[in-house]
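Some features that Swiss-Prot has for this protein:
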- 17, 21, 24: [4Fe-4S] cluster binding site (BINDING)
- 61, 96, 154, 221: [2Fe-2S] cluster binding site (BINDING)
- 1-228: domain 'Radical SAM core' (DOMAIN)
């Protein structure tokens with residue numbers, strides 16, 4: 001029976017990002033109707049961690065909006081990591097805080113963070129079409145820094161941004177050179193406040209993307225992330241194929257600014273596919 005790893009997200013700092021990423025509603029350039037706050041209260045984050053662990057989540061990702069880590073964010077994430085680890089929940093803690101240098105990542109590692117998430121998003125060639133305020137190369141360097149710091153690397157991308165199949169191949173080839181332990185696979189969902197005018201991928205094309213990712217990243221944990229709930233909707237037959245084609249992890253619950261599937265119903269559906277929820281990250 002195939003094991004599926006469940007990971008959950010806490011958006012601990014939301015909105016007001018100065019970057020102009022064309023796919024992200026947290027950018028202040030797009031004026032999306034989202035909640036904006038600086039730092040989520042520690043008690044709320046702990047409640048989320050307990051509740052999601054009880055549902056079976058093994059990974060818990062602390063996400064901050066903004067271009068990069070700074071001293072204030074480092075201290076805040078370190079404080080959250082220590083508090084969560086003191087609960088002895090057995091959660092694998094991931095930080096996702098933008099561009100980061102080696103010293104910052106070593107600081108988070110020593111505070112109890114286990115992995116760092118920083119997505120390449122797309123190919124080096126296509127990236128300037130979706131962001132002008134930082135470079136693809138900066139993203140790649142941060143991924144290298146995470147590995148140098150001894151953290152697990154979680155890095156993936158978004159399919160459906162109007163990129164070509166060659167762009168998809170180039171992104172996956174770059175990811176393969178990093179050997180991430182986990183690769184989130186996101187499917188872009190059109191939003192009227194965002195400048196990208198792209199139709200949602202069909203379930204069949206999304207499955208082709210998963211097959212391609214598996215070909216380039218045979219040893220990575222492929223995680224179905226944003227967009228799964230829209231691309232596959234209630235199409236159980238095609239959603240089940242995700243796991244036949246290489247997906248072995250999913251994001252449980254909500255994303256950064258969009259609703260995911262209801263966790264309990266999502267788990268019931270996964271079980272109906274003949275999948276088993278993993279009991280350990282190792």
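Keep in mind that glycine also has a Cβ here, set from the backbone N, Cα and C atoms.
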Open item on the list: Tell me which of the binding-site residues 17, 24, 61, 96, 154 sits in the most Cβ-dense spot, judged by other Cβ atoms within 10 Å.
Closed with: 154
Task: C-alpha spacing of residue 221 ([2Fe-2S] cluster binding site) relative to residue 17 ([4Fe-4S] cluster binding site), in angstrom - done: 29
- [ ] Measure from the CA atom of residue 21 ([4Fe-4S] cluster binding site) to the CA atom of residue 154 ([2Fe-2S] cluster binding site) and give the result in Å, rounded to a whole number.
- [x] 20
- [ ] Take the C-alpha atoms of residue 21 ([4Fe-4S] cluster binding site) and residue 61 ([2Fe-2S] cluster binding site) and report the distance between them in angstrom, rounded.
- [x] 21
- [ ] Measure the Cβ-based neighbour count of residue 21 ([4Fe-4S] cluster binding site), defined as the other Cβ atoms within 10 Å of its Cβ.
- [x] 22
Task: Listed in sequence order, residues not in 61, 96, 154, 221 with Cβ within 8 Å of the centre of the [2Fe-2S] cluster site Cβ atoms - done: 7, 59, 94, 115, 116, 117, 182, 184, 223
Open item on the list: If I take the alpha carbons of residue 61 ([2Fe-2S] cluster binding site) and residue 24 ([4Fe-4S] cluster binding site), what is the distance between them in whole Å?
Closed with: 18
TODO: Give the distance between the Cα atoms of residue 96 ([2Fe-2S] cluster binding site) and residue 24 ([4Fe-4S] cluster binding site), rounded to the nearest whole Å.
DONE: 15
